[in-house]
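Annotated features, as they stand in TrEMBL:
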- Tyr228, Thr240, Ser241, Leu242, Leu243, Ser244, Phe283, Asp383, Ala384, Asp385: FAD binding site (BINDING)
- 637-660: compositional bias 'Polar residues' (COMPBIAS)
- 5-134: domain 'Photolyase/cryptochrome alpha/beta' (DOMAIN)
- 615-662: region 'Disordered' (REGION)
- Trp317: site 'Electron transfer via tryptophanyl radical' (SITE)
- Trp370: site 'Electron transfer via tryptophanyl radical' (SITE)
- Trp393: site 'Electron transfer via tryptophanyl radical' (SITE)
Amino acid sequence: MSGGGCSVVWFRRDLRVEDNPALAAGVRAGSVVCVFIWAPEEEGPYYPGRVSRWWLKHSLAHLDSSLRSLGTSLITKRSTDSVSSLLEVVISTGATQLFFNHLYDPISLVRDHRAKEVLTAQGIAVRSFNADLLYEPWDVNDVNGCPFTTFDAFWGRCLSMPYDPDAPLLPPKRIISGDTSRCPSDTLVFEDESEKGSNALLARAWSPGWSNADKALTTFINGPLLEYSQNRRKADGATTSLLSPHLHFGEVSVRKAFHLVRIKQVLWANEGNKAGEESVNLFLKSIGLREYSRYISFNHPYSHERPLLGHLKFFPWIINQSYFKAWRQGRTGYPLVDAGMRELWATGWLHDRIRVVVSSFFVKVLQLPWRWGMKYFWDTLLDADLESDALGWQYISGTIPDGREFDRIDNPQFEGYKFDPNGEYVRKWLPELARLPTEWIHHPWNAPESVLQAAGIELGSNYPLPIVGIDAAKTRLQEALLEMWQHEAASRAAVENGTEEGLGDSSESTPIAFPQDIQMEENYEPVRNNLPVTRRYEDQMVPSITTSLVRVEEEESSLDIRNLVEETRGEVPTNEMMNQEPRRDTLNQGVLQTIRNNTLPQRNAAIGLQHAIEDSTAESSGSSRRERDGGVVPVWSPSTSSYSEQFASDDNSIGTSSYLQRHPQSHQIMNWRRLSQTG
């Protein structure tokens, strides 16, 4: 070990040696100890799902192999408190510096802030870097210095920034290993025996690891990218980049993807290749959407729990366990929806078009709480990504300024003939409909009885009838919207009159709890021995935490996912409603009459994000450049400027994370200002 002490490089979702600023900084500083800490309990209800854990297992093995070829190895630690484990690694290795790359979800922001406080108090120099985005969220603002609230404005600003994103870094030629003799690795267990059989099938289709991600990126750019615009609507083939799992785990650098695609853009523009230019623009938008998801998460840290448009907190979601089960099992009676859900369960993957179809059906036809759907995606997708999934579900639900019109319902029958015109996708995943003619494949309920008999289909028996009619869903949605506006008006009137506090503010109302039968977290004991923290300085802003929100019970048992399709499963409690559930009988009749006699408030639904999401894949997914070298990070704080008044209050609680609740010392609201990351 070098006389001046080594550096610890803390890997998280940046599992690569190429274009890894934290690793590069460690190599420049001298000897390096690379560490990965597995502490999934800190994620609260967002304990990684089976397929996500399978990917992580193989990605870490690949990273360790790469590090060994460069002269070091990856130390792995199993923990329930990342910061405590980091401190132990630092002490046991004699390290004097810690380097890591930024994350932007609220739990990580709180954890990273605490890590900087604790280690700085111990005399350790802590520096963090941007390795996940083209531009840091605090560098992209409007002319007034406020965060953007629509995707088009945000992405337009990114593309017109006065400086380009930093060029990707080459991997180090060699790494001098620090002394790890007193820092042995823990064996990490990512799967149990019951999961290994299903996981073995994943290896046939996917190759985790940073060098495999690099190959996938190169293959896409030199091949399918050219026809990306033309083929993106086809649900029955590999017509997207398939990069999103690699991007989530940081196996591929978004900066590298951006630069390589921009090179193609310039080339095709010079050649006059219009189709290529259109494809490049659409793919760059998909990168932009990923950037925007982190931007939203940073500026509105509750976006994974609450609608960004405040009035949507009054929407009377339907709490129906039977609907939810039918959707999960692919038995809604709508073939395209059912095929998508069965593919998701079988493979951990969905084409971005099908993601839109099944999620839109969930929130608009079934009118189930969007967070339930988002959580199920989290539990089952290979590329499960909290920021991207929250943005996608809020967009589909119409709960962000440029989301879909809330009263829009897409008919799965018509969507089927748009994205699966020959029915091949449905036949692949719904073998019971395989013999049905294409004419009826997306609406078997209209097929003549003779056609159904010839195809061996008995509706209501071996394939279900539609659980909800589209016309009935439209009627019910209009009634729900009217009820929502009535409650919003009643609440506003009560607050303005000062007679009462209204029908519930975002900071007071409880998010609808996740159904117990989709909880994926393991049993665990909460951390009880927290390190004392002395505040030395402030860094990235963290939200204030209150204790009034629903907490996911820590003793809930993990779900045996093999039983998902069994009819004997436990049901979602029928009384699982919001605390502030709107009720028709409590409305002021004068307000009712006002609503009927006047035009309802209209949401300004811009079409930019709609076009961006629907025309690109969900790759689902003072400007200073000093952050690459451990520069400044602003204290992360909700803006109080008027631009955000259209959003639900941002000073509410995260609530669903037991980790956040265990560390109240980190939950201070701080002013927006820039501070040195090195103290």
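Glycine is no exception: its Cβ is also placed from the backbone N, Cα and C atoms.
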Maximum Cα-Cα separation in Å among residues Tyr228, Thr240, Ser241, Leu242, Leu243, Ser244, Phe283, Asp383, Ala384, Asp385, which the record lists as binding FAD | 23
Trp317 (site 'Electron transfer via tryptophanyl radical') versus Tyr228 (FAD binding site) - Cα distance in angstrom = 37
Spatial separation of Trp317 (site 'Electron transfer via tryptophanyl radical') from Phe283 (FAD binding site) - C-alpha basis, Å | 34
Taking the Cα atoms as reference points, how far is Trp317 (site 'Electron transfer via tryptophanyl radical') from Leu243 (FAD binding site) in Å?
-> 34
Identify, among the recorded positions Tyr228, Phe283, Trp317, Trp393, the residue whose Cβ has the fewest other Cβ atoms within 10 Å in this structure.
-> Trp317
Given the model, what does the mean pLDDT over the domain 'Photolyase/cryptochrome alpha/beta' (5-134) come out as?
-> 96
